[in-house]
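Read the structure below first, then the notes.
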Amino acid sequence: MAQAEVLNLESGAKQVLQETFGYQQFRPGQEEIIDTVLSGRDCLVVMPTGGGKSLCYQIPALLLNGLTVVVSPLISLMKDQVDQLQANGVAAACLNSTQTREQQLEVMTGCRTGQIRLLYIAPERLMLDNFLEHLAHWNPVLLAVDEAHCISQWGHDFRPEYAALGQLRQRFPTLPFMALTATADDTTRQDIVRLLGLNDPLIQISSFDRPNIRYMLMEKFKPLDQLMRYVQEQRGKSGIIYCNSRAKVEDTAARLQSKGISAAAYHAGLENNVRADVQEKFQRDDLQIVVATVAFGMGINKPNVRFVVHFDIPRNIESYYQETGRAGRDGLPAEAMLFYDPADMAWLRRCLEEKPQGQLQDIERHKLNAMGAFAEAQTCRRLVLLNYFGEGRQEPCGNCDICLDPPKQYDGSTDAQIALSTIGRVNQRFGMGYVVEVIRGANNQRIRDYGHDKLKVYGMGRDKSHEHWVSVIRQLIHLGLVTQNIAQHSALQLTEAARPVLRGESSLQLAVPRIVALKPKAMQKSFGGNYDRKLFAKLRKLRKSIADESNVPPYVVFNDATLIEMAEQMPITASEMLSVNGVGMRKLERFGKPFMALIRAHVDGDDEE
């Protein structure tokens, strides 16, 4: 393309931005990407949700003379984009299975005659032989592959139909390709470039940081009640609640509705018209909350979602990041709340182990472990996210639960040096479990076979628990001093940032591992204050006695959450007891008296213990 022509197109980009899309200035990175595409060079764009990825191909589509084809995985995503473009006066259309044959022919005629500038299409439809023949005659000027991480088995949402897109480079060797994603680590990025056959692409990686989103975690205790209270505290704000099964989606939505909250279920098992109705009502603010499986949201461009809840832990950080990214797209404060129970992680791990052995299972295991490390982090959660994506930062954000309510710190320089030195001494070839065994001086054949029992660092940390050293190494990963090489069975490897700590040139504050105190502290925090642990123990003992007499499990009497609240509020009258979550009239009548008597005796200090 001639230089003068490129310059003319580049100046036109600002005009299209202002006149067609109504924005006065480009966001960081957008202009360079657009200029690169207009010059005919391939691009890989990694930009957070709400960061303006779509404009990177929509503006060139309006400046280049011809058809731009956009590969998109979901009908809802296509429809949303096309509706927005048409509202801006752009000749855009999509081809999908919900259209009649007449509608599809009309779209194809528009592509052939040049009336349509942007065509959205699913990968499986695009790759049909007869469609590729049509496309060749239409002389496309740009191919944009949205959600490009779907092409990579290293990605968090691999889709086999995306893998076939690699054949397009042979069919269209000179056509500029653009791949776009919000979530791709370095391995996934390399995979996208290789599998799509991108030629010397510009790789534009924007910051993954969404500073307006507050990342929070609540340990599950009585999850539905915790969720109800959380939603009620939102006071009518718009939100999405993600669950990992259709049944839980239905149950949770019904529970919210029973509390008078405007909520609806959304999952792939519902009829198309029901899903479309829910999506439309949510988009129009006629519905406060959508309770959904992960099928919901990829096509959502609702700017005023104020909170996203993960009622179950996702299988990987990429999914978590993408789904939480649907909050606060207007840049105003928003919150991402993760409900966490280590048992959920154990269940996901069991499910994973039932899958066929192989590289794909290894990838999924690595990603699941990273998600678990995020949930159990004792350092700034935003740092965990950003360092996972390779965006090295060491300054805590001040806007997550860890920063707002920090765990106790200690001078971890010596522990860090032991861990970092051990990683280096075993040649950065081994995973966390093995490194911890060396640190603690484990006496096993594998360590002896490698001669690692002869290392100076062997056994230097035997005075501390396995959990302690796992916590230390996880924190070093979160702080960007250590990485896990997914391609080498999650081997621990040192970064440049580790050098000054290893040399003793800088000290390092680490969080005291909350191995024992974590659960009680999380529960105490969830229920809004301190509770009397001695009284709690007595209440549990009484509950066990009553449950045994009644031949029911203890939780049928009162669950632990209710007992903690009793130990916090110390109710000694019927009205006070009824104010405790989990105590209704029937349970008050049946079990109330002995519990109130025990609490009264404890308060008066004249109980037996």
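Our numbering is plain: 1 for the first residue shown, then up by one each step along the chain.
A Cβ is built for glycine as well, from the same backbone N, Cα and C atoms used for every other residue.
The number of other CB atoms found within 10 A of the CB of E31 (Mn(2+) binding site), across every protein chain shown, is 17. In this structure, E31 (Mn(2+) binding site) is part of a helix by DSSP. Among the features that Swiss-Prot reports, Mn(2+) binding site is placed at E10, E31, D35, with the record citing a large-scale study or a structure entry.
Among the features that Swiss-Prot reports, ATP binding site is placed at Y23, R27, Q30, G50, G51, G52, K53, S54. Within its own chain, G51 (ATP binding site) has R27, A182, S206 as residues 6 or more apart in sequence whose C-beta sits under 8 angstroms from its own.
On the 0 to 100 pLDDT scale, the model's mean across the domain 'Helicase ATP-binding' (34-202) is 90. Per Swiss-Prot, domain 'Helicase ATP-binding' is recorded for 34-202, and the stated evidence type is sequence analysis.
In terms of DSSP helix, strand and coil, the motif 'DEAH box' (146-149) has 2 helix, 0 strand, 2 coil. Taken from Swiss-Prot, the feature motif 'DEAH box' applies to 146-149.
Each residue of the domain 'Helicase C-terminal' (223-371) gets a DSSP state, and the totals for helix, strand and coil are 69 helix, 23 strand, 57 coil. Summarising the annotation, Swiss-Prot assigns domain 'Helicase C-terminal' to 223-371 and lists sequence analysis as the type of evidence.
For the domain 'HRDC' (529-609), residue counts in helix, strand and coil come to 57 helix, 0 strand, 24 coil, using DSSP. Summarising the annotation, Swiss-Prot assigns domain 'HRDC' to 529-609 and lists sequence analysis as the type of evidence.
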Intrachain C-beta neighbours of G52 (ATP binding site), sequence separation six or more, cut-off 8 angstroms:
R27, Q30
Here the binding-site residues are R27, K53; which one has the lowest number of other Cβ atoms no more than 10 Å from its Cβ?
R27
Neighbour count first, Cβ atoms within 10 Å, every protein chain included; then name which of Q30, S54 tops the list of binding-site residues.
Q30
Max Cα distance spanning Y23, R27, Q30, G50, G51, G52, K53, S54 (ATP binders), Å?
14
Tell me the Cα distance separating D35 (Mn(2+) binding site) from K53 (ATP binding site), rounded to the nearest angstrom.
14
Between Y23 (ATP binding site) and E31 (Mn(2+) binding site), how far is it from one CA atom to the other, in Å?
13
Around the C-beta of Y23 (ATP binding site), how many further C-beta atoms are within 10 angstroms, looking at every protein chain?
13
